[in-house]
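Taken from TrEMBL, the feature FAD binding site applies to 43, 44, 166. What TrEMBL lists as D-dopa binding site is 223, 278. Residues annotated as domain 'FAD dependent oxidoreductase' in TrEMBL: 5-324. If you look up TrEMBL, you'll see 1-19 marked as signal peptide.
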């Protein structure tokens with residue numbers, strides 16, 4: 001068969017990374033990214049971009065660890081390259097603090113991040129409300145520059161990028177051999193996934209260049225993540241809330257919570273408020289499916305539903321999605337060679 005044509009629907013961090021991995025693993029493919037929204041208007045643009053994994057209840061821990069490790073290794077290499085500042089990726093050290101000692105003092109990802117250890121008594125004095133903490137160094141991704149860097153890499157690899165609203169995956173069947181669904185929260189309408197729901201996140205981006213260390217409350221709700229130019233303060237997790245309008249009461253609440261962890265933030269300047277809808281479900285949907293109508297078949301690979309943990313595992317899930325695309329291509333080539341016999 002001729003070079004297989006693959007469409008990737010969605011241009012957030014998962015969609016762009018998946019397109020790149022497909023091009024790297026199947027160089028004979030022709031890949032096109034289709035989306036009605038690109039950076040700076042994607043959910044990924046609002047993300048804090050810290051590599052601290054969230055746990056997906058429906059997925060084996062060894063799989064989640066593999067996804068995280070592949071993502072960490074990939075971004076660590078970029079952070080050690082001349083492209084680090086353009087891609088918005090840097091190492092950041094800091095603390096995760098708990099009011100009560102967690103059941104798992106060693107999370108599954110503790111040997112992937114750098115220098116993971118329990119905090120000393122002296123360090124804990126900085127956080128009088130907390131009695132246990134973990135110190136480590138991880139990677140922070142400033143999302144808008146990273147998305148632009150990915151787009152640049154895609155174009156250099158020969159991938160087409162096209163602005164298009166896809167209302168139904170089936171509408172692509174006459175133009176493409178394989179479709180990859182990375183539509184994020186859009187997948188709820190696109191494929192009618194009722195297990196997918198938004199978790200609204202509101203964050204503040206502030207100018208506070210003296211804050212060099214990340215601080216994260218163990219409950220995951222309050223966090224301070226220093227980026228290259230601005231510090232991200234968060235946050236919220238509001239299930240089933242579709243509102244993209246900033247809430248002033250929430251802004252004050254986030255700011256007060258972050259100041260209780262880092263009082264010097266009272267001097268932060270130029271506060272910008274951002275809202276995004278995390279595409280959440282019990283577990284990431286990462287699988288093959290064949291759509292068919294009237295004897296015509298369309299192979300589809302789904303890769304969406306990463307919730308709050310998308311940045312931490314995006315490269316690992318993109319590699320897995322690319323492997324599934326490879327399986328689809330092999331199946332198509334097998335059926336076309338059988339058809340010739």
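Cβ coordinates come from backbone N, Cα and C, glycine included.
Within 10 Å of the Cβ of residue 44 (FAD binding site) there are 29 other Cβ atoms, across all protein chains.
Around the Cβ of residue 43 (FAD binding site), the same chain contributes 12, 184, 185, 276, 277, 278, 279, each under 8 angstroms and 6 or more positions distant in sequence.
Note on residue 223 (D-dopa binding site): other Cβ atoms within 10 Å of its Cβ, all shown chains, come to 24.
On the backbone, the CA of residue 166 (FAD binding site) and the CA of residue 223 (D-dopa binding site) stand 35 Å apart. Put simply, residue 223 (D-dopa binding site) is 17 Å from residue 44 (FAD binding site) when counted between their Cα atoms. Of all the Cβ atoms in the protein chains shown, 19 others lie within 10 Å of the Cβ of residue 166 (FAD binding site).
Every protein chain considered, the tally of other Cβ atoms within 10 Å of the Cβ of residue 278 (D-dopa binding site) stands at 24. Confidence across the domain 'FAD dependent oxidoreductase' (5-324), taken as the mean pLDDT and rounded to a whole number, stands at 96.
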